[in-house]
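Colleague: Got a structure here, written out as structure tokens. Questions coming.
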Amino acid sequence: MRLGAALQAAALLTASLWSHPLLAASDDPAFKTTKLDHYPFNLNYFEDSDIVLYQDEARGTISRSEDAGATWTLVKDIEEGKAFQLVMHPFDRKRAYVLTSPGIHHFRTHDQGRTWQDFLADTEMTMFRLDILSFHATDPDRIIFNGMDCKEGKFFCEEVAMYTTDGFTSDAKFLRGSTSGCSWAKSSKLFTTGQDDLDKNRILCVVRDHFSPLKQDQRLMISDNFFSAKDAGGVIQEFEPNLDMTRPIQGVVNVAVVKKYLLVAASSMNTDEMSLFVSDDTLKWHRAMFPTDHKINQESYTVLESTEYSIQVDVMTTHPSNPMGVMYTSNSNGTFFTRNIEHTNRNHRGHVDFEKITGVQGIFMVNKVDNAEEVEKDRRGKKKIVSEITFDDGRTFEPIHADKERLHLHSVTELINAGRVFSSPAPGLVMGNGNTGKHLESWKDASLYISDDAGLTWIKGPNGPHKYEFGDQGSVLLAVMQAEEVDEVKYSLNHGKDWKTAKLPDDLKVKPIILTTTQDSTSLKFILIGEGKGRDEFHIVAIDFSSMHEATCKDSDMEDWYARVDDKGKATCLMGHTQKYRRRKKDADCFVKQEFKDPVPETKDCECSDQDFECDYNFKRDGKECVLVGTVVAPDGACKNAGPDDTFKGSSGWRLIPGNTCKRASGAQKDDLVDRKCKETSEPTPSEPSGNISTTPHNFSGDWLDFEKHYLEKGAESMDENEVVIARPINAQNAGQIFLTKDHGKTWHMPEALKDKNIWGIVTHQYFKEMAFFVQDTGSVIYTVDHGEHFHDFKAPGNGIDPDTKPLVFHPDHKDWMIWIGKKCEENTCYREASFSQDRGDNWKSIARYVYKCEFTGSSSYKFRSQDQIICSIQSREGNEKNIPFDLVSSNDLFKTSEVRQKNIKDFATMAEFIVVAAEDPERKSLKAFASLDGDSYAATRFPSNLDVKEERAFTILDSSTHAVKLFVPSPAQKDRCVGSIAKSNSNGTDYVVSITGVNCDENYFVDFEKMLTLEGVILVNIVANRENTNEPKKRRSLISHSDGATWSYLPPPRVDAEGKNYPCTSSDNGDENCALHIHGYTERKDHGKTYSSAGAVGLMFGVGNVGSTLGDIKDADTFLTTDAGISWKSVKKGAWRWAYGDQGSILMLVPSTKTKMVSYTTDEGETWNDHNFTDEPVDVLDMTTVSSGGSRNFLLWCRRSDKTVFAVNLDLTGLANTACKQVDDNDSESDYYAWSPSHPLRPDDCLFGHKSYYLRKKTDRKCYNKHKITPVFKMDVCECTREDFECDYNYELEGVGRNCVLAKGAQPMSREDWCSAHPKESTWYEPSGFRRIPISTCKEGRVFDNYTTSWPCPGHEEEYERQHGGPGGFTIFLIVILCVGAAGAVGVWVHRRWESGGFGQIRLGEQSSSGISFLDPDSPWVRYPVVAVSATVALVGALPLLVGALWRTTKTTVERWGIFGGVGRGTYGSLGLGGGSGARRFTTRDSFARGRSDYAGIDEDEGELLGDDSDEEV
């Protein structure tokens, strides 16, 4: 720090004004003020002391006071500009920490801030969570530091955890990588595991899935030895607890300690419904069970300040713009929750008007909405809020009164001060701002009210709203008016009966911000922080009452005060005892003067009563009884070798609440053991399954051609058994009524809210699948957020829909955030306007005029991007003239501000982590592509010399889920001869290599390209074999890649067809150009919403095609199946059949494409097939659908009879099995699952992308069903590097269909200057080998193809290069070894996660599809060409195969496939890998290479999107 700056700061901090000298027995408190230039953030007392710290955020400094704020000094041990965050140790009154950012060195004090020492955390503090430090409750030296390692600045950051056991006296040690927050189990003094060694060492970490950045894939891991290797094999000691009794749960998003409870919150894909799990020892866990009419959703529940014997939670039950809730209280183990009070008042931040009275058990105050029904009907209606209090822990509530009038108090939702709202440790003293009357009035009309009997009775204090504090155990009440200019404080020395005023010194006037004192309210000193008149003027006012009275209270000045009394003033019992405090009498003329000594209650046990008992484990209260909801826990040895009707002494259903101290009376007790039958100790044995398929048809009246249908899906961990589908019959001109089913089509009804409504389009939320929006052309929208249980509505801004654009855009994390793009008309002109809402349509703000489209590009998966980022394409100037160019405009603050990023663009699309923009190149009259990761900076793409893009007019963006953009570049084409190349980018989307040429496409630039769902890097394409012979019809062949497009091979043909007959041609095992299996691709698909594979059926894939030298006519095609991800295929049916996957792949269903009355299904992966008739006469099956995850055992057939009537048939296969499959990890024969590993056809070791992954699949001979979602990746082993882990580098290409990469004809390898310029932070360039590592490969050692050549220094990095590559010095050798290991180990893993998905890749094949109405008419431009033209010369097709993304989205309608609704260009989340690229990773810290940390943060996966031209339409 500069000396001058230090002196100025010191002078400023010590420039203070005394108002009154400290004289004995003064009539008023003493004041001392300090003037500041910046607000004193984060002001904190060291507990039980007058020592205070605050931080100056503007200067990055810490200041300290030893006299309760009277004087201040600057902490000189911390250099100016370093202090970023001040953290107090919650369990040690002498320790505090100052964190720096950026930086890996931080500061600590162990002597209340007198001295500070720096410590090495070896990582930066994480920017992704607030709880940087996690403290051990009983050992202050044990601290966990949640940090992050970053690559390329803060572009790709991964969270890591460090720890110390000596209070950072020595450097922090590495705990675990790939974390999302770690904490000690013993994070609360009340919590215990029951074992001293576990209390000391046990750590819980939320761990990011190795393959995914999705919060829905995070898991909870526990370790008792700091996640260290427990043996020489390097296996980390950690285990995953069974959160749901018998099985682990994925999707863990938060862990919190509440008193003696440990709470874990988990989320699932497709929904914002949450699951809560509770433990009081980390050993036994329970799912928190709420009444069935209320679910726990993200951002809709608040864990309140709970007790030592129960958890209290408030759950929002209404619309977020005007929220209300219901408060629940659990039993003592946190399992079952019962309703306390309805219509609690909440705000949109999740704050609830609830507060317990400090130090008194069983008393808390709440505000509720008195006109709840009115507010529910009118979301803009004004709440009429009333205050109530309970004295029996929420069993009953009663009004609050002052002067015989009802009193209402402003509470937590209107916080105006630090700390608690009403009470403090001062026994029985409570204050609040409010008013008397029928309900709570506005804040400005409030006055101060006081109670000295814990809220039973109240008196009025000073008029107007005030900040207030308690001192000297309640002897002093201090208040300051909440106003713009205040020059006095008010105080009372007799519990608020009388008030005096004291002027601030030197005519000082401030706007009060904070009034505070010590945590225990035992001090006579207070601190007031206020804002002065001038700009950047703040004041700290120290207020001292210690000189006002000489007398110290004697015993005669004290009284006994009972915390809870009944109407007659008699002490009442709670938790088996009464509670009494010794406190100063109201009118005593003395101070207690027991600083830093907390009041301690006296208790007296009561005789036990019914309220001292609760329902026992596996029992639930039903009125006045406890009923069994599970199995009875039998004592050890009971029922061993006994019959089901034999008895034992077991629980009565009741137990004494743990911690209850009541005295038992003589005689029978409520929890006495009773006779129980042994059959009650186990679940009833299920009866034998029927083995039958249930068929339930439903007729839709009228003449129709097809159906529009949408699945409203649920989360994987949802307890809801319903399967909801919305459908309506349609024809070319109109649509019928909307129907809804909750049982997958067995019964249907018309929702009253939608009956006879003219619905233009149905839009399902692509991220939160329980939501659907029913859009009318006027802009009125009806919607449901709970699978059709309830319906709401809003009016969109503007003048209705624009039929040429999708009206709604959704945010991936916030279900209430929406963008509406509609028509806005002013005078004689109309244009598109984009408006934004944060409360699901209640309020709108215009963000852009003359807009083409907008997308939310911010997401929790993109840690390198602003979460509030929106990108829009907007006309460069307003007006309706043709050919006005568009600009790419982005905003990182929800369009409070915005900036033009690219000019003259045609369109943009998002794909995985990439944003790709197509802009017009006016010189070449063609398109030019740009790519961005952060949405702010865009780099031009560079294509290899063997790819001609000089006159490019269209690009199709294919699946890009593996840290690389896959771009289809069409070749100059003749009519019906569209072919092109697939180019694959590097990890930042800028440098491309050719993956494969001659790929088939159609005139709309849709491509025969298919990704296999769930598995990484398995791709199918169709190429045109005779592309040089332009006069011949196309001869197409199918190729498959198991290396993400690095190498290709033919599909191996089966030997015999479905009838056992030999095929006419034979080939090698892997197929060749003369004989192979060929599959009809995306360009021939009538329904672009169908996929070959399913997210839930790993390794399984169907296809329709033929065996031969080329692909034949589809009329001659048969149906084929692979169960090993394309390594081998078998013919399962003659002819072309449709397929669907059920029960996560254990049920496969087929139906003929011709008229039929039967379906065929298999439960053994196609070894045997069974037929089932679903109707009496052959009908046209328009479609067969099920849930997108493939996890249901119900299917729907959508059919049309010859008389043009339509109907749907539910096929229920639950009768095939009624026992849930079980996984037994250590007993393969007992387990119903086996570990299946995909393999590479060219590798004998089953390695793919540098590792061998094992997936759980149900054994085909087991008669059970998959009750729960199967663990996606069971385990993974890392492999050595081989050729299959590398692909051709920039300007190199495969030599034929071979394995060698050669320089493209006429091309030059990338020069050292070009490579170093593209990688400015790298020091070393290797002469090109022709190869580069596949970004998702995790291989280590072995044969390294990309950097075995000669190395050279990058310009400007010569010294660094010499240090790395210089002579044989020990340190240099050490660096070389480290860099080599870092380059080999820090490589990307990308396993695409699609368990709740409907599609992945440019070809979106889900298990459902739909048709639409007018905009779905075959003559409609939406169907004819899913494009948007932008100019006559150079245009860019805008909408395209990019549907609603990959991962957890299902394929909905063809409309969605084109992106008319629900997220063109905006994907869902993808998976997290360990880095990529051929260069060595440059880590933030010196030992990061040893940690196994990832290089990539959130990655988004999406489907293909077409960027091209079309001259048929204009904008």
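Backbone N, Cα and C define each Cβ position, glycine as well.
For reference, Swiss-Prot lists these features for the protein:
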SIGNAL    1-24  signal peptide
CARBOHYD  N333  N-linked glycosylation site
REPEAT    449-458  repeat 'BNR 3'
REPEAT    491-500  repeat 'BNR 4'
REGION    673-698  region 'Disordered'
COMPBIAS  673-682  compositional bias 'Basic and acidic residues'
CARBOHYD  N692  N-linked glycosylation site
CARBOHYD  N699  N-linked glycosylation site
CARBOHYD  N988  N-linked glycosylation site
REPEAT    1120-1130  repeat 'BNR 8'
CARBOHYD  N1173  N-linked glycosylation site
CARBOHYD  N1227  N-linked glycosylation site
CARBOHYD  N1347  N-linked glycosylation site
REGION    1494-1515  region 'Disordered'
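For the listed features, I'd like the structural context: burial, neighbours, distances.
Modeller: Same-chain residues at least 6 positions away in sequence with a Cβ under 8 Å from that of N333 (N-linked glycosylation site) are, in sequence order, V278, D280, H286, Y617, P658.
For the repeat 'BNR 3' (449-458), the number of residues in each DSSP class (helix H, G, I; strand E, B; coil) is 0 helix, 4 strand, 6 coil.
Within its own chain, the repeat 'BNR 4' (491-500) is flanked in space by residues 28-29, 429, 431, 448, 450, 452, 459, 461-462, 474-479, 545, 586-587, which lie at least six positions past its ends and keep a Cβ under 8 Å from the stretch.
Counting same-chain residues at least six beyond the ends of the region 'Disordered' (673-698), those with a Cβ under 8 angstroms from any Cβ of the stretch are 628, 631-634, 638-639, 642-652, 745-748, 1161, 1172, 1174-1175, 1207-1219, 1263.
Classification of N692 (N-linked glycosylation site) by DSSP places it in coil, neither helical nor stranded.
Neighbour count (other Cβ atoms within 10 Å of the Cβ, all protein chains): 11 for N699 (N-linked glycosylation site).
Using a 10 Å radius centred on the Cβ of N988 (N-linked glycosylation site) and all shown protein chains, the other Cβ atoms total 21.
For the repeat 'BNR 8' (1120-1130), the number of residues in each DSSP class (helix H, G, I; strand E, B; coil) is 0 helix, 4 strand, 7 coil.
With a cut-off of 8 Å between CB atoms and residues at least 6 apart in sequence, the same chain places K1157, M1158 near N1173 (N-linked glycosylation site), listed in sequence order.
There are 8 other Cβ atoms within 10 Å of the Cβ belonging to N1227 (N-linked glycosylation site).
The Cβ of N1347 (N-linked glycosylation site) has 20 neighbouring Cβ atoms from other residues within 10 Å, across all protein chains displayed.
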Colleague: Rounded to the nearest Å, what's the C-alpha distance separating N1347 (N-linked glycosylation site) and N1227 (N-linked glycosylation site)? Just drop the number here, would you?
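Modeller: N1347 (N-linked glycosylation site) to N1227 (N-linked glycosylation site), Cα-Cα distance: 44 Å.
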Colleague: Round to the nearest Å and give the CA-to-CA distance linking N699 (N-linked glycosylation site) with N988 (N-linked glycosylation site).
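Modeller: Distance (Cα to Cα, whole Å): 53 Å.
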Colleague: Excluding near sequence neighbours, so keeping only residues 6 or more apart in the same chain, what lies with its CB under 8 A of N692 (N-linked glycosylation site)?
Modeller: G1215
Colleague: Can you tell me how the residues of the compositional bias 'Basic and acidic residues' (673-682) break down into helix, strand and coil by DSSP?
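Modeller: Summed over the compositional bias 'Basic and acidic residues' (673-682), the classes give 4 helix, 4 strand, 2 coil.
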Colleague: With DSSP helix as H/G/I and strand as E/B, how many residues of the repeat 'BNR 4' (491-500) fall in helix, strand and coil?
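Modeller: Final tally across the stretch: 0 helix, 3 strand, 7 coil.
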Colleague: Can you tell me the three-state DSSP label for N988 (N-linked glycosylation site)?
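Modeller: DSSP call for N988 (N-linked glycosylation site): coil, neither helix nor strand.
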Colleague: State the three-class DSSP label for N699 (N-linked glycosylation site), counting H, G and I as helix, E and B as strand, and everything else as coil.
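Modeller: SS state of N699 (N-linked glycosylation site) = strand.
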Colleague: What whole-number Å value do you get for the CA-CA distance of N988 (N-linked glycosylation site) and N1227 (N-linked glycosylation site)?
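Modeller: About 45 Å separate the Cα atoms of these two residues.
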Colleague: I want to verify one value. Collapsing DSSP to three states, which class is N1173 (N-linked glycosylation site)?
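Modeller: Going by the DSSP assignment, N1173 (N-linked glycosylation site) falls within a strand, counted as strand.
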